[in-house]
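S.K.: Annotated substrate binding site per Swiss-Prot: Ser8, Lys40, Thr72, Arg86, in sequence order, evidence recorded as sequence analysis. Feature annotation from Swiss-Prot assigns ATP binding site to Ser8, Phe9, His16, Gly87, Leu88, Arg89, Glu97, His122, Ser123, Phe124, Leu125, Ser126, Ser127, Ser128. Residues or ranges marked as site 'Transition state stabilizer' by Swiss-Prot on the basis of sequence analysis: His16.
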Amino acid sequence: MKVLYPGSFDPLTLGHLDLIHRASVLYEEVIIAVLENSTKSPTFSVSRRIEQIKESTKELSKIKILSYKGLTVECAKSLDVDFILRGLRAMSDFEYELQIAHTNRSIDKSIETIFLATEARHSFLSSSVVKEVAMFGGNIDHMVPAIVAKDLYKIYKQGDI
């Protein structure tokens with residue numbers, strides 16, 4: 001069985017990485033799909049986010065990383081994936097993700113959404129929080145993989161944002 005783990009991963013956090021590791025135990029293949037969203041101004045290019053994920057998951061053999069545009073459910077269908085993985089940090093995540101899951105099911109009933117609860121130690125993490133802490137000079141080493149921390153420190157030290 002294959003599972004699709006979609007997201008912007010801008011940046012990849014240790015919460016994302018925890019879900020990837022756990023999914024790799026549960027599924028034969030974990031496809032990490034990096035969303036190309038033209039309506040947002042990402043901190044990192046899609047290609048850099050893919051590089052960060054590759055570096056951070058290099059010890060895992062069941063991982064495939066790609067980018068996509070458009071609807072996640074259409075991406076899943078095109079890859080012949082039956083499951084979409086979503087992480088839940090809090091009840092607010094569940095409400096939002098449940099809406100998306102129902103929408104996806106209305107488009108394609110063959111694709112199920114699977115929810116995994118985030119480890120408690122990562123429940124406060126979000127890409128937005130990480131960027132804000134980094135922007136104000138805070139330590140993010142316990143929030144993101146080393147490659148991401150290095151990239152963010154470089155960006156915010158140089159004032160590129």
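Glycine too: its Cβ is placed from the backbone N, Cα and C atoms.
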S.K.: Within 10 Å of Ser127 (ATP binding site) (Cα to Cα), which of the binding-site residues Ser8, Lys40, Thr72 do you find?
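M.R.: Those near Ser127 (ATP binding site) - Cα within 10 Å - are Ser8, in sequence order.
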S.K.: In angstrom units, rounded to an integer, how far apart are the Cα atoms of Arg86 (substrate binding site) and Glu97 (ATP binding site)?
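M.R.: Cα-Cα, rounded: 7 Å.
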S.K.: Among the binding-site residues listed here (His16, Lys40, Arg86), identify the one with the smallest other-Cβ count within 10 Å.
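M.R.: Looking at the binding-site residues His16, Lys40, Arg86, the Cβ with the fewest others within 10 Å is that of Lys40.
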S.K.: Measuring Cα to Cα, how many angstrom lie between Ser8 (substrate binding site) and His16 (ATP binding site)?
M.R.: 11
S.K.: Could you check the binding-site residues Leu88, Leu125 and say which one's CB has the fewest neighbouring CB atoms inside 10 Å?
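M.R.: Checked Leu88, Leu125; of these binding-site residues, fewest Cβ neighbours within 10 Å: Leu88.
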S.K.: Which of the binding-site residues His16, Leu88, Glu97, Ser123, Leu125 has its Cα closest in space to the Cα of Thr72 (substrate binding site)?
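M.R.: Smallest Cα separation from Thr72 (substrate binding site) among His16, Leu88, Glu97, Ser123, Leu125: Glu97.
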